[in-house]
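Asks: Let me give you the structure first, and then I'll get to my questions.
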Amino acid sequence: MLHIQVIEDDRANKSSEPFTTGVKGQTPPLVTTNFQVKDQGNASPRFIRCTAYNIPCTADMAKQSQVPLAAVIKPLAMLPPDETRPYIVDHGEAGPIRCNRCKAYMCPYMQFIEGGRRFQCGFCSCVTDVPPHYFQHLDHTGKRVDCCDRPELSLGSYEFVATVDYCKNNKLPQPPSFIFFIDVSYNAVKSGMVNIVCQELKTLLDYLPRENPEADSVVRVGFVTYNKVLHFYNVKSSLAQPQMMVVSDVSDMFLPLLDGFLVDVNDSRMVIESLLDQIPEMFADTRETETVFGPVIQAGLEALKAADCAGKLFLFHSSLPIAEAPGKLKNREDKKLVGTDKEKSLFQPQSGFYSNLSKECVAQGCCVDLFLFPNQYVDVATLGVVPVSTGGSVYKYTYFQAEMDRERFLNDLRRDVQKPMGFDAVMRVRTSTGIRATDFFGSFFMSNTTDVELAGLDCDKTVAVEFRHDDKLSEDTGALMQCAVLYTSCSGQRRLRVHNMAVNCCSQLADLYRNCETDTIINFFSKYAYRSLLNTPTKTVRDTLVNQCAQILACYRKNCASPSSAGQLILPECMKLLPVYLNCVLKSDVLQPGADVSVDDRAYLRQLLSSMDVSESHVFFYPRLLPLVKLDGGSLPMAVRNSEERLSKGGVYLLETGLYLFLWVGANAQQELLSHFTTSLVLCIFPSLYSSVL
């Protein structure tokens, strides 16, 4: 019960009072604890979580401990209703104030000097003149008298309105567009997917993302159906009926129409609804089984280029694209490779076609979300390259059945269409002297060593960043990190979101081990391991994880713990659960697949984890097991340890992985309990659980 006890203790100690971020280097509550955050100069843990909040002063000390120095950043994270979203600061044509040398943005770590006429950068120590329009006098403590009135001087997270200098080609951006590509091959129609998508879109288009709930969305929409050819639709508002244009030469994709393809939903509502009613009827009797995939993305890319805007492509796809076309794939599923040195090839794309296409998509700000409905192998490792590289998502509904899977699919689709997101984003992480960002993990593209490029960045996506020493750090000054994300909002405004984090530095290993965050360490380890599968045999990846965990604990035992018998396991207080959590990673389907786990399933889960935040990876690796004995009062029962010993034959249990819900009914469960459970489940369990489902 150690796992449950650690979680409950944290809830008892840290849920009653708000977590204030003003104290440098304090470890936040666990992701399993409900708590309120008050921003007082450091970014909320909802935006940034670190593996350690007191980092070693030297590279040698970091190497000795083997504790990874990393941060998991969720730049556009949604905040609870009782917390204030980042303020938007507009400096007009002058734009944000920055350090002349390192280009860090104005933040609480800048020190104003010479009566407020200059400021010294907290990251590189360079002194920069304060522009006349930004000047303000200092008080007796050396702080600006308007410090508390300016978010960038008093808060850890805020946004700047970007000037035209921050825009592509020095042009203010157009509002983004959404394009829906519906597979109308035989399998897609027969499964019921085509009909469900068309019916749902009629109502879902009223809920396109917008910043002002009272205003209409400015996102434009377009529609394409496809099998081994593509059908474009003109839905111009002046038309009585939609018009179809077929492109059969998929080897050289082009856009057959400009005017009437991307439209305003309100202007063209009648034509769009007519189209969505007609699509299932048009293809109801199709016998076409072959599909293309590469030309579909190319078509969306060309449409966004022609409209000179960023946007998102929603692909609803059912089968391996074997039709003759660019990006054609072959069935390469080979279970005999599992467990061999060649297993890594199963996670690699078949060719460089989709990697090159990803690069083009990112340059245009073209994000791709892929909804898969496979009945057999579809090569997720290859089909997922563009979504993963553009900041998009992959959803998978194997053996899709309309009656059983409809609600799960629609829940995902509704959230995917509605959730807040930015487009054409670039993220850079700056650090104070002594450490630097060296590696990045997530769903993005990088054309250089510093800029993380995301065609789309939604409120669920995270980027994990690893840091390394390049000089000695000081205990007196600590270490600073600033994450800046330049993006286009769903209303078409160019913005900069800035998150700042200050941590302590230590010369004693005991201080490091006292201020670690196990859930974040596991999130980082799993992402590192899953990415390593592309180039390293699975057994080597597993062994590396075990060895690093052993070294972390051995270093603690040798340097920090009291002498004890050789056979006794000694764990740091904040790492009590590291061995059990790491064991969960080792037993995951990606690293230790069962006989019934397909190659596609493993590739899908590997891609899925790449952008998970810490709370999602926590429940993914160590699911919540809830005994459903009494559900009165609308609150969830206390979770129990994930062990067969905890399952009673007379009980009913719900297991939540963040991706699926499993109901376990004991062989001797009483009828009264089942009846009580049935009526209470909808009222109590599902609203609580689905708020945390991925």
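Including glycine, each Cβ sits where the backbone N, Cα and C put it.
When I checked TrEMBL for this same protein, it listed these features:
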DOMAIN    96-134  domain 'Zinc finger Sec23/Sec24-type'
DOMAIN    173-417  domain 'Sec23/Sec24 trunk'
DOMAIN    422-505  domain 'Sec23/Sec24 beta-sandwich'
DOMAIN    518-617  domain 'Sec23/Sec24 helical'
DOMAIN    636-672  domain 'Gelsolin-like'
Asks: Tell me whether the domain 'Zinc finger Sec23/Sec24-type' (96-134) sits in contact with the domain 'Sec23/Sec24 beta-sandwich' (422-505), defined here as at least 3 Cβ pairs under 8 Å among residues 6 or more apart in sequence.
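Replies: These two segments touch.
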Asks: What are the DSSP helix/strand/coil residue counts across the domain 'Sec23/Sec24 helical' (518-617)?
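Replies: The domain 'Sec23/Sec24 helical' (518-617) comes out at 64 helix, 0 strand, 36 coil.
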Asks: On the 0 to 100 scale, where does the mean pLDDT of the domain 'Sec23/Sec24 trunk' (173-417) fall?
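Replies: Reported value for the domain 'Sec23/Sec24 trunk' (173-417) is a mean pLDDT of 96.
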Asks: Under the DSSP assignment, what numbers of helix, strand and coil residues are found in the domain 'Zinc finger Sec23/Sec24-type' (96-134)?
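Replies: Here the numbers are 6 helix, 11 strand, 22 coil.
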Asks: By DSSP, what is the split of the domain 'Gelsolin-like' (636-672) into helix, strand and coil residues?
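Replies: Each residue of the domain 'Gelsolin-like' (636-672) counted once, the result is 5 helix, 11 strand, 21 coil.
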Asks: What are the DSSP helix/strand/coil residue counts across the domain 'Sec23/Sec24 beta-sandwich' (422-505)?
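Replies: Tallied per class, the domain 'Sec23/Sec24 beta-sandwich' (422-505) gives 0 helix, 55 strand, 29 coil.
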